[in-house]
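K.L.:
According to TrEMBL, the record shows the following:
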type: TRANSMEM; residues: B:6-26; note: transmembrane segment
type: TRANSMEM; residues: B:47-72; note: transmembrane segment
type: TRANSMEM; residues: B:92-109; note: transmembrane segment
type: TRANSMEM; residues: B:121-149; note: transmembrane segment
type: TRANSMEM; residues: B:161-186; note: transmembrane segment
type: TRANSMEM; residues: B:193-211; note: transmembrane segment
type: TRANSMEM; residues: B:263-281; note: transmembrane segment
type: TRANSMEM; residues: B:315-333; note: transmembrane segment
type: TRANSMEM; residues: B:345-373; note: transmembrane segment
type: TRANSMEM; residues: B:385-402; note: transmembrane segment
Amino acid sequence: MLSIKNINTHYGPIQALHDVSVEVKQGEIVTLIGANGAGKTTLMMSICGDPQATSGTIQFDGEEITGQQTSSIMQKGLAIVPEGRRVFSGMTVEENLFMGAYHRDRREAEMTAEHVLALFPRLRERYSQRAGTMSGGEQQMLAIGRAMMSKPRMILLDEPSLGLAPIIIQQIFDIIEKLREEGVTIFLVEQNANQALRIADRGYVLENGRVIMEDTGAALLVNEDVRKAYLGG
Amino acid sequence: MQNSKFLSAIFAAGVTFVLACLMLGVKLNTEGTTLQVEGASTEQWTWIGLGIAVVFLSQLFSAQIDAFFSGLPKPQLAKVLPEASVMARLKPWLLAALIVGMLVWPFMVSRGSVDLATLTLIYIMLGLGLNIVVGLAGLLDLGFVAFYAVGAYTYALLSMYFGLSFWICLPLAAALAALFGFILGFPVLRLRGDYLAIVTLGFGEIIRILLNNWTAVTGGPNGISGIAKPTLFGLEFTRRAKEEGAMTFHEFFGISYSSSYKVIFLYLIAVVLVIFVIYLINRLMRMPIGRAWEALREDEIACRSLGLNRTAIKLSAFTIGASTAGFAGSFFAARQGFISPESFIFIESAIILAIVVLGGMGSQIGVILAAIVMTILPELAREFSEYRMLLFGLLMVIMMRWRPEGLVPMKRPHLELKQ
């Protein structure tokens, strides 16, 4: 569904990604793990076209999206939950959700909203509350819900567990699995390698801008090197 | 803590002393061809000493003073107004009453007040326009007066060279101002914050300098005079019709001529324009584009991640704001009958921005109230006109201390807990 082939990305003269290739098939959960500064978020952003990859190709559903504008890439059935949630704090949950459906018909969007609220009952309780006044976990749910409002076929999640309590992290991961059951393909970037690999079909390990390992989630979970480097021995 | 307080109080008193000495303590007198320095009188020195003492004490006890002021109850708008459900029922009636009041009012007061009200309405229009750009979309624009100038000169020039009437020029002026907003917007909108402010500031000056120097077309610093006044379906408000056979307003209705009809007519046009602008902006704010402006102000990255085209959204805010200013500008030219680049200096941009900030960013009612305050207060304080800028500064300081969110901050829907 998403196929990234040999992309290189630069920030000015600094090269952040070296020949990275990642393949995500329909219906999969694929996770990308790596330490701080390995280039995980850069890879995410490159998919979205900001910064654009300097070489290599990115295809989504067989369509070349390298070099396209971010706004048009994000309207192709791809959605991203950006790092650090980034909900509109001054707006209510309702307004936040409908911002996610900006390009869709209001009536259709309302149906999707109903679906999202069924998935996140917590958001229904807070429907007309300002997003900035909610807890981190609730904001993360809102960010995911907002991304779902465009009815994407694939969601990119950038560190959804960042700064959340363990019990909330568990809930978020449950939701990610639920999303997959609904047929949404998921590409997950995580520092929380243990949990991410547990739900992932396949995983990639990124180090210093290079993919150094690629295997099934279960295999990476027991891999000696991965255990040492990312799972705490 | 106490020590640093004392030091800062001494420092503030010192600054006051230096400033007061330079500005009030010494005077330069010309005697023949030489300048002579003269000290202030004893009485003035007493006042300066008192001022320094006040600054010193207020700095020393600033914590106590703050505590005292924060202890004062803030005006609670919510408590004055009836409950939301009652309010919703009353709202159309209140609005209707307000509009009727605004239409009837000019017939009962003096010409000067009506004129002042018209000026206020112009600033309301400008404030509402800038409110879209600064308050909603969060783009700091310091050259808003440029679009105002474009609107004014559009009408003045079209009327002078082609004899077009006010009513035809009004939409043209708005469209041309919008075009200028669009053209400026393209290169500028990749900038943010301070950089955007500087470029827009420059743009405002460019327009003014262009008008000042393009003497062949704009008349340069002499401006354009004798701009035609608006007519009511071709009826003029002058004593005698300009052209043979044309009717004037008082002839048509068979009433005696009065110069105040013209003033009232201009006021009524302004009322209609303001209502139109408020209605339009209200509609826009309820449309997705209005939400997008706010969303962009809050978080640009999130907006982009949702597939919103930030250039298009910013550009739309810029263009619509500019067209409102063009509207106000062409009306200003028609009311004044004379415009020159003098009317479009930076201080105008600053006043409009002050209106938006004072009113509470993004809030329409706030902007309207602030526009009223900002135009009527200087008129009321005419005796203090020398200290106008001082009062202006004082007002800003008080606002920042007492109500930094603006007079009527933008209302966001919120959940009320029922007890």
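Here the Cβ of each residue, glycine as well, is placed from N, Cα and C on the backbone.
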K.L.:
Counting only residues 6 or more past its boundaries, what in the same chain has a CB within less than 8 Å of a CB in the transmembrane segment (B:47-72)?
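P.N.:
Apart from its flanks, the transmembrane segment (B:47-72) reaches 5-6, 8-10, 12-13, 16-17, 20-21, 24-25, 40, 401-402.
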K.L.:
Under a Cβ pair cut-off of under 8 Å, which of the recorded stretches B:6-26, B:121-149, B:161-186 contacts the transmembrane segment (B:193-211) most often?
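P.N.:
That would be B:121-149.
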K.L.:
Count the CB pairs under 8 A between the transmembrane segment (B:92-109) and each of B:6-26, B:161-186, B:263-281, B:315-333, then give me the winner.
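P.N.:
Answer, by Cβ pair count: B:263-281.
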K.L.:
Under 8 Å, at least three CB pairs between the transmembrane segment (B:345-373) and the transmembrane segment (B:6-26) (pairs 6 or more apart)?
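P.N.:
In this chain the transmembrane segment (B:345-373) does not contact the transmembrane segment (B:6-26) - fewer than 3 Cβ pairs sit under 8 Å.
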K.L.:
So are the transmembrane segment (B:315-333) and the transmembrane segment (B:385-402) touching or not, going by 3+ C-beta pairs under 8 A with a sequence gap of 6 or more?
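P.N.:
No, since the transmembrane segment (B:315-333) and the transmembrane segment (B:385-402) share fewer than 3 Cβ pairs closer than 8 Å, they do not count as touching.
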K.L.:
Within the same chain, where does the transmembrane segment (B:263-281) have neighbours whose Cβ lies under 8 angstroms from its own Cβ atoms, ignoring anything closer than 6 residues to its ends? I mean 6 or more beyond.
P.N.:
99, 102-103, 106-107, 111, 114-115, 117-118, 121-122, 124-125, 128-129, 131-132, 229-230, 232, 237, 249, 320, 324, 327-328, 331, 334-335, 364
K.L.:
May I ask for the residues of the chain that lie six or more residues beyond the transmembrane segment (B:161-186) and have a Cβ under 8 Å from a Cβ within it?
P.N.:
146-148, 150-152, 154-155, 200, 203, 207, 228-231, 314-315, 318-327, 329-331, 334
